[in-house]
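Read through the structure below, which is laid out as structure tokens, and then see the notes.
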Amino acid sequence: MSVFLIDGGIPLKGTVRISGAKNAILPALAACLLTDGKTVLKDVPNLEDVHTMCNLLASLGARVNFNVEKREITIETTSVIEDTAPYELVNTMRASFLVMGPLLARKGRARVPLPGGCAIGSRPVDLHLKGFSALGATITTGHGYVEARVNGRLTGARIYLDFPSVGATENILMAAVLAKGQTVIENAASEPEIVDLATMLVSMGANVTGAGTDTIRVIGTDKLHPTEHMVIPDRIEAGTYMLAAAMTGGEVNIENTMADHLKPVIAKLREAGVEITEEFNRINVRAVRRPKAVDVKTHPYPGFPTDMQAQMTAFLSQAEGTSMVVETIFENRFMHINELKRMGARIKIDGRTAIIEGGVQLMGAQVRATDLRAGAALVLAGLCAKDRTEISEIHHVDRGYEAMEQKLRALGARIVRV
Ligand code: EPZ
């Protein structure tokens with residue numbers, strides 16, 4: 001297994017280009033199942049999770065061609081004959097569960113292994129299933145699989161989500177676009193990735209309004225047609241590089257990003273004393289002084305994103321003063337903290353709250369990535385630490401960060417993958 005070796009202490013300087021969003025491309029790939037013919041997705045990042053989703057679509061009978069150099073995926077779905085997703089792929093990546101809505105809508109039946117929990121939490125899918133049954137599907141579970149089946153067509157319904165779940169909103173939306181009649185999803189998630197999915201569905205001929213608000217309205221259509229779609233830039237990758245610049249006392253231009261999607265991160269960094277300049281599709285981050293401690297609480301969009309919590313915890317270990325971080329979304333998303341403490345961070349955990357004593361000089365150490373964003377947090381810590389940090393299990397990082405060591409080296413960081 002490869003590891004990252006990082007020699008910290010270099011202020012990052014230069015320009016980094018952000019890739020297409022992992023959490024937009026995964027639902028976009030699932031949405032291809034809603035139609036026959038050839039769909040083209042553009043500005044696709046070369047990520048482990050993207051390859052996993054491509055393999056899943058291929059296992060259902062689609063013909064998938066991922067041209068990594070051109071950053072383009074072509075998906076031919078006329079030959080989708082299967083309606084069962086294989087266990088080993090769903091077990092690798094929870095987002096595989098997003099094929100359930102499209103398969104149910106298109107074929108009237110979908111069998112998908114119940115996704116297991118993962119490092120950050122139990123990750124139930126009850127809201128997804130509640131939505132499918134409201135649309136007229138019969139849900140049965142057994143032998144680790146869940147099956148949704150409908151005779152004929154799904155019927156539009158009014159669905160209230162107990163929690164604004166991103167995945168449930170996406171899955172239900174993809175089922176509703178081919179249902180008969182109108183569907184209203186209330187207390188829906190409003191993340192930019194939801195808006196991006198709705199944009200793609202509308203370009204396929206769907207009738208969707210309200211994406212980006214907490215109420216999404218759908219008028220079902222009989223058939224959708226293939227489309228070409230370019231996914232939005234990855235706001236979490238962008239936020240991660242913003243913190244890298246701020247933590248190392250550098251100055252970095254983050255290109256191909258939408259400041260509008262990063263408001264809570266920009267607000268918190270400005271509160272911490274980081275100088276941030278926003279331009280049309282670029283953000284300039286300049287660390288003019290040691291950052292000040294700030295308090296952070298994760299919330300569904302437009303609140304502070306849970307996917308930035310681990311990276312922010314690492315950043316606050318360098319701030320002056322004591323910070324408080326509260327993780328309200330997932331029940332076990334502090335796995336990075338024990339690893340950061342091995343590097344000298346002074347952090348106390350009390351339930352869902354982490355108290356971070358700032359101003360600590362982190363020391364290089366051997367640490368382990370436990371999940372995708374925890375791995376990113378450890379890379380950030382390594383960039384500031386004295387001497388050498390060795391990070392193992394970096395396949396977690398490869399799931400969501402394209403060419404991370406190349407992008408960091410281009411900014412002056414001393415990082416290699418061995
Ligand atoms: C998406 O996961 C993202 N993944 C996650 O990013 C992100 O952390 C999360 O949204 C929150 O923003 C993708 O988009 C592929 P949720 P998802 O359903 O859809 C509870 C990353 O690092 N819940 O919004 O699984 C659940 O337990 C990944 O890129 C239910 O109770 O997140 C959790 O506490 C990690 N019942 C909360 O909602 C359900 O049916 C948020 O989950 C569904 C969810």
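Just so it is clear, glycine is given a Cβ too, placed from its N, Cα and C backbone atoms.
For the UDP-N-acetyl-alpha-D-glucosamine site that TrEMBL gives as Arg94, Arg123, Pro124, Val125, Asp126, Leu127, Asp307, the extra residue drawn from Ile73, Ile75, Ile329 is Ile329. For the pair formed by Arg94 (UDP-N-acetyl-alpha-D-glucosamine binding site) and Asn23 (phosphoenolpyruvate binding site), distance between Cα atoms is given as 12 Å, rounded to the nearest Å.
Secondary structure at Pro124 (UDP-N-acetyl-alpha-D-glucosamine binding site), taken from DSSP and collapsed to helix, strand or coil, is coil.
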